[in-house]
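J.: Questions regarding the structure given below will be posed in turn.
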Amino acid sequence: MVSLFILHQMKRKLDHGPDGRPFPSGKKHCKGNGYLSPSSLVQATPTTFGDLRLANGHSAQRRRVTSGPPPSGLQDWLHTFQMWSGPERLLALDELINRCETSQVKHMMQVIEPQFQRDFISLLPKELALYVLTFLAPRDLLQAAQTCRNWRTLAEDNLLWREKCREEGNDDRHFISRLRVVITFKSPGHEWKSTYIRQHRIETNWRKGDTREPMVLKGHDDHVITCLQFSGDLIVSGSDDNTLKVWSAITGKCLRTLTGHTGGVWCSQMAATTVISGSTDRTLRVWDAESGECVHTLYGHTSTVRCMHLNGNRVVSGSRDTTLRVWDVSTGRCEHVLTGHLAAVRCVQYDGRRVVSGGYDYMVKVWDPETEVCLHTLQGHTNRVYSLQFDGVFVVSGSLDTSIKVWDPETGGCVHTLTGHQSLTSGMELRDNILVSGNADSTVRVWDIRTGQCLHTLQGPNKHQSAVTCLQFCRGLVLSSSDDGTVKLWDLRTGAWLRDVVALQSRGSGGVVWRIRASDTRLVCAAGSRNGTEETKLLVLDFDLDEKKKETD
């Protein structure tokens with residue numbers, strides 16, 4: 001307790017002038033709650049500072065001052081000090097400290113202060129220590145792990161980092177799929193920390209980019225790439241040259257060319273290694289992307305197959321012949337034909353239970369595919385319907401009449417009409433009641449379909465200079481491609497432009513990005529031109545790169 005009093009008095013000496021008055025404002029002030037009154041010290045059990053050092057695991061040997069031999073009479077002075085009572089010692093020490101120079105007080109503090117420092121984390125039970133660490137940000141946890149071995153063990157706890165992953169808004173299912181990859185390369189027991197760091201690195205690469213050039217995949221000569229699919233490490237591009245090409249997203253090599261269509265390929269879907277394509281030759285084809293084999297040719301439509309949507313083992317196709325057909329992918333059999341549109345079917349969505357279609361007859365229809373009955377005809381658009389989204393709760397349709405409508409598929413009623421765009425809404429993405437729409441007016445808008453409110457219009461000085469051709473959104477980011485030859489990255493929450501992910505050399509003079517597809521770690525762009533200024537190609541950007549991999553590449 002005497003040592004605590006000395007420490008308090010030394011701090012007071014350093015924080016005040018020789019006359020005992022505080023230093024002017026701007027200097028460090030002593031905190032009063034550290035003061036211990038002499039009366040409380042008298043009642044405490046006496047413990048020497050040497051005992052305290054031994055209790056802390058230090059040698060009883062004091063820090064020696066190599067300024068010469070000890071002064072004469074030191075032992076007599078120490079003997080007299082030991083003979084005094086506790087209050088008398090405190091009074092003597094107070095007077096002694098007041099007569100010390102600043103350098104001497106600092107010396108005493110260097111000897112005494114470390115003895116009163118405690119590693120409280122290591123003293124707590126593990127459960128309590130981990131609970132305390134949950135309040136630290138991930139960056140602080142990484143720094144804490146460098147403190148000592150015990151802190152490192154705690155700060156790398158797997159469940160602690162799983163909690164940090166959840167705080168970032170990622171559920172277990174989302175991350176477990178990535179753990180299988182991470183565990184292969186990381187030591188067991190730290191999977192969640194490794195996954196968090198990996199995801200943080202990917203997020204940073206998306207938002208800030210790096211100096212690596214995208215991988216360029218050249219094919220389809222000078223034809224237009226009309227559709228693009230991406231699954232795992234396979235990319236499939238379809239073109240008006242009547243073919244589809246299968247590419248490796250890792251090496252960039254064209255693995256095989258899928259031939260058999262006798263007209264341009266206009267639409268496609270992909271699940272795992274199964275690819276379905278629709279063509280102007282009025283057929284659909286089912287392909288095995290790994291072998292290149294055409295498994296089935298689906299006959300039935302009498303005009304161009306313009307759209308399709310795959311769900312499970314069924315694909316629904318829409319055609320310029322005004323009909324929709326429901327096919328079993330595994331057998332190639334047409335199970336149902338849906339008739340009722342008065343003009344070409346331009347877009348279709350299928351959630352496994354209901355089919356929703358939009359056509360050039362200005363109508364949106366909701367179907368029960370099992371009974372082939374049209375449950376609702378959603379009327380309200382005054383021009384062709386070009387785009388649809390359906391999440392099982394809401395139907396959203398985009399039209400050449402510039403409006404976007406939100407419908408209730410159970411009642412057939414129009415819930416909201418979203419206005420603001422000035423031209424054709426060519427593409428939309430819907431997730432968790434947030435709709436992102438791309439328009440030929442060169443803008444992208446973000447909507448809350450529950451309220452009908454436009455949350456953001458993605459424009460400003462960095463907006464697209466021409467029609468938006470395609471949209472994707474993931475990881476809280478929006479990606480938009482355009483006829484202006486760029487792919488732009490936006491923050492979904494704030495609506496802020498982050499950067500141009502892709503900018504063709506011929507942008508502004510004919511270069512076009514036709515299609516984009518994104519996963520959590522990759523972006524694939526189909527680009528070219530209509531006037532020969534840019535050759536047809538795919539651009540692949542990989543954002544799952546650490547520094548070591550970048551150097552290797």
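Sequential numbering from 1, following the chain as shown.
Each Cβ is built from the backbone N, Cα and C atoms, and glycine gets one as well.
TrEMBL does not curate its annotations; it predicts them automatically.
Take a look at what TrEMBL says about it:
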- 118-164: domain 'F-box' (DOMAIN)
- 225-257: repeat 'WD' (REPEAT)
- 258-297: repeat 'WD' (REPEAT)
- 298-337: repeat 'WD' (REPEAT)
- 338-377: repeat 'WD' (REPEAT)
- 378-417: repeat 'WD' (REPEAT)
- 418-457: repeat 'WD' (REPEAT)
- 461-500: repeat 'WD' (REPEAT)
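Tell me about the setting of these features in this model.
T.: Across the domain 'F-box' (118-164), the DSSP tally of helix, strand and coil residues reads 33 helix, 0 strand, 14 coil.
Beyond its flanks by at least six residues, the repeat 'WD' (225-257) meets 215-217, 219, 263-273, 275, 277, 279, 281, 287, 289, 292, 514-519, 522, 524, 526-528, 536, 538, 540, 542 of its own chain at Cβ-Cβ distances under 8 Å.
For the repeat 'WD' (258-297), DSSP puts the residue distribution at 0 helix, 23 strand, 17 coil.
Taken together, the residues of the repeat 'WD' (298-337) have an average pLDDT of 97.
In the repeat 'WD' (338-377), helix, strand and coil residues by DSSP number 0 helix, 22 strand, 18 coil.
Beyond the ends of the repeat 'WD' (418-457), by six or more residues, the same chain brings 386-391, 394, 396, 398-400, 402-406, 463-473, 478, 480, 482, 484, 490, 492, 494-495 to within a C-beta distance below 8 angstroms of the stretch.
Long-range neighbours of the repeat 'WD' (461-500) within the same chain, counting only residues 6 or more positions beyond its ends whose Cβ lies under 8 Å from a Cβ of the stretch, are 202-203, 206-209, 423-424, 426-429, 431, 434, 436-444, 446, 455, 506-508, 510-520, 523, 525, 527, 534.
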J.: Would you kindly list the residues that approach the repeat 'WD' (338-377) from elsewhere in its chain, counting only those six or more residues past its ends and only Cβ-Cβ distances under 8 Å?
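T.: Hits for the repeat 'WD' (338-377): 303, 306-312, 314-326, 383-392, 395, 397, 399, 401, 405, 407, 409, 411-412.
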